[in-house]
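Taken straight from TrEMBL:
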{"type": "ACT_SITE", "residues": "H28", "note": "active site, tele-phosphohistidine intermediate"}
{"type": "ACT_SITE", "residues": "E103", "note": "active site, proton donor/acceptor"}
{"type": "BINDING", "residues": "R27, H28, G29, E30, T31, T32, W33, N34, R78", "note": "substrate binding site"}
Amino acid sequence: MAEPVCSSDLRSESNCDSDYAEIIVVRHGETTWNSDGRLQGHLDADLNEVGRQQAAAVADRLSKESKISAVYASDLKRASETAQIISSKFGNLEVIQDPDLRERHLGDLQGLVLKEAANIKPKAYQAFVSGRTDEAIPGGGESLEQLHDRCTSALQRIGKKHKGERVVVVTHGGVLRELYWRACPNGKRQGKILNTSVNIFHLSDGGEHWVIKVWGDVSHLDETGFLKTGFGGDKNSG
């Protein structure tokens, strides 16, 4: 078994496979808004053609690995369409949509191009870049703490339900960053999270113990390609 990238505690993960859920968390494929540098949040952008090719590539990769028991996704189209493409490789498993897997709500910044946001919505922009985890974005946006609680609780529920199974979860860049911090509270800040990157978590002890086994793997995109900027995969909307 590969060494973990990091863990939420120092216990050895020497238990048999039936003692944990293996959750493959995939960022959605590229959208036109990703390529434009536009903040998405809860707005519902579609995959572009590159994004669909990326989704097909990750689906093909996963189909050559172990059996998948279930496919979950954010209910936003860019995630649910990616999940449907993956599901098609596993006998068209039902895609279970969960709003708690959505990207962070970005309030007044949603739909704006990032480089223009500071001038158009300065208060919202300052809240966005402040680094404060308890500061919500004006216009109905979430704080990082709200996002963290929402999405980590969702993954924990999935882990408890699928102990001993392997499942896929398709979500967003902001969500993946919070899942990383839940598993690695003392870890180093990660780089950009690229579209359709594969990130594998093992959850055990009723979803309380988290281990990251694989992080940021985009080897399936060698031929399809991806945005070099990975817009939305760092501190920006995914």
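The backbone N, Cα and C atoms fix where each Cβ goes, glycine too.
Automatic, uncurated: that is what TrEMBL annotation is.
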Within the chain of G29 (substrate binding site), which residues six or more apart in sequence place their C-beta under 8 angstroms from its C-beta?
L47, V50, G51, R52, Q53, Q54, A55, R78, E81, T82, I85, N195, T196
I'd like to know which of the recorded positions H28, T31, W33 sit within 10 A of E103 (active site, proton donor/acceptor) at the Cα level.
none
CB within-chain contacts under 8 A for T31 (substrate binding site), separation at least 6
Q40, A45, D46, L47, N48, G51, R78
Taking only the residues the record lists as binding substrate, namely R27, H28, G29, E30, T31, T32, W33, N34, R78, what is the largest Cα to Cα distance between any two of them, in Å to the nearest whole number?
15
Around the Cβ of R78 (substrate binding site), the count of other Cβ atoms that are within 10 Å
31
